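Below is a structure I'd like to ask you about.
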């Protein structure tokens, strides 16, 4: 107890710093995944992508980011093991953040597409299992994460497949693709708006202090969806029709319309990413703060202190603004034959999956859902070539990340314990 | 900062290089028209220049072919079979090789085509090159085929184009018979060795259309999968 009272403020500052570092890392390179397809399909320029990402990442983090936080804080670790010595949990959370942040930086340096979510989970499991007791880890929750390596890509792949097929049926495989694109694309925009606003209302807004009745939530979401659809319709009506471009099919013109849709899905993706991944940085931080502020009491229901969510959001935005452009820039020419229509199916599906998973509190990785979605569109014969070798590497990196995060956090945990021990 | 991104998942597309390749192949074979015009004019210096251009384009096509082959390792998942892509590429490349062979032999032997035959020979050559052009058009549809997930309306459209290609090839067969007959009538007045080679040149020109047709049918097979 003494330790927490004596060093309480120092520990909070340290935790805030490493939390910010972690958020910075997430923003700096994970966001490239979320925005990459939009830039790759030339629907957005890099500057536009960063601007959209900043606004929507922050909005996602702030408005819908609260739900996953509690899973990471309480779902994976059994807090009863820390009641006797809460300072261990504080050290653990700080070392987990530091471990995950460092692993993230190291992997990005080597160019490995690791999952930020899994690094923090691995780190949490690591210090708890070795530093405290292997019973302190809710292994079933870890099992769920391992299961998510298969389930999440499968779900998002399936959604992507359906979205791509529906676009084929309604737009591309018709006599007048351009007219049909004008007719149906607003509905896709509406769908994106609906999913986004529904999750925000149902899961996120209570953290901000707003309470909305469930039924009202649906009405509001539908209203927002319609609004988004109407704005989209207006934007589409302003698309310049180029009569010279392939007279027969007008696919080039259709792609222009999908490019507008792509902007909506990019917003959606950034929002989903923010809502899901900000928790990685702020979850452990929130735990530290609540323990110290309550003098070592580990309460089952700790409200977020007001400055934590904005800190995470700002960290992501800052990382994105200062380093994100470098990561996104390398993408620009790497992708061939990724047109807006194909990118859109992958992104909208991934965004839906992340947003839905964020709603259920399962800590999934954005990369996972995107890989699943891309494979889904590929299965529908919508993407010219997918490098299965890279897919394999990504999957391997998911597996490696858990033990790597664990090892680092064990190390930092004992270092911290040594420093602050009386 | 190296890319830490899932975007490496997108492999290099084989479709664009296929289109680029047949574009060069077509340009290469179309070079036969000015080449034969200078041959008819008896301007062998100019003919040599055109031959050189054909030969250069053929080399360029070879480079494109090699690049595409290298960029398609086994672990790449595509909407069309890898084997089909490589086979299609091989066929396309044969057109350029044939064009180079024809121009090379005509130039090497300073072969002259009898004046009475020239008109029908040129018409025959043009028709064969139409087939190559049509093959290029068909391959250019790959983009749109991808857009529609290789099914539905766009597939039928491409199938129609392939039917047209077959028709052009049929035409060239008929014309080949006519050109041969003309040569048969002239045989007695010409050097027998020249006649032998002329027959094979006529045949090779016909092969331009044959291979073009094969490009179309390879694509048709791909779509049938």
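Each residue, glycine too, has its Cβ placed from N, Cα and C.
OK, TrEMBL features for this one:
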TRANSMEM  A:6-28  transmembrane segment
TRANSMEM  A:49-68  transmembrane segment
TRANSMEM  A:88-112  transmembrane segment
TRANSMEM  A:145-164  transmembrane segment
TRANSMEM  A:185-205  transmembrane segment
TRANSMEM  A:217-236  transmembrane segment
TRANSMEM  A:257-275  transmembrane segment
TRANSMEM  A:304-323  transmembrane segment
TRANSMEM  A:344-364  transmembrane segment
TRANSMEM  A:370-391  transmembrane segment
TRANSMEM  A:398-420  transmembrane segment
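Could you place these features in context, so I can see how deep they sit and what lies close by?
With a cut-off of 8 Å between Cβ atoms, the residues of this chain six or more beyond the transmembrane segment (A:6-28) that come close are 57, 90, 93-94, 97-98, 100-101, 104-105, 108, 116, 120, 277-278, 280-282, 284-285, 288-289, 292, 308, 311-324, 327, 420.
Same-chain residues lying 6+ beyond the ends of the transmembrane segment (A:145-164) with a Cβ under 8 Å from its Cβ atoms: 118, 121, 188, 342, 344-346, 348-350, 352-353, 357, 362-365, 368-377, 379-380, 382, 395, 398-399, 402.
Panel annotation: around the transmembrane segment (A:185-205), residues 62-67, 163, 167, 171, 211-212, 214, 217-218, 220-222, 224-233, 236, 257-258, 260-261, 264-265, 267-268, 271-272, 275, 344, 348, 351-352, 355-356, 358-359 of the same chain, lying at least six beyond its termini, place a Cβ under 8 Å from a Cβ of the stretch.
Residues 16, 19-29, 31, 50, 53-54, 57-58, 61-62, 65-66, 69, 207, 274, 277-279, 281-282, 285-286, 289-290, 293 of the same chain, all 6+ positions outside the transmembrane segment (A:304-323), place their C-beta atoms under 8 angstroms from a C-beta of that stretch.
Residues 33-34, 37, 152-161, 164-165, 168, 336-338, 341-342, 345-347, 349-350, 353 of the same chain sit 6 or more residues outside the transmembrane segment (A:370-391) yet have a Cβ under 8 Å from a Cβ within it.
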Which residues, given as numbers and ranges, are at least 6 beyond the ends of the transmembrane segment (A:257-275) yet have a Cβ under 8 Å from it?
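Same-chain contacts beyond the ends: 30-31, 33-35, 37-38, 41-44, 48-49, 52-53, 55-65, 67-68, 178, 181-182, 185, 188-189, 192-193, 195-196, 199-200, 204, 228, 232, 235-236, 239, 313, 316, 339-341, 343-344, 347-348, 350-352, 354-355, 358, 366.
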Quick test of the contact rule: Cβ under 8 Å, at least six residues beyond the ends. What residues does that give for the transmembrane segment (A:217-236)?
181-182, 185-187, 189-194, 196-198, 201-202, 257, 260-261, 264
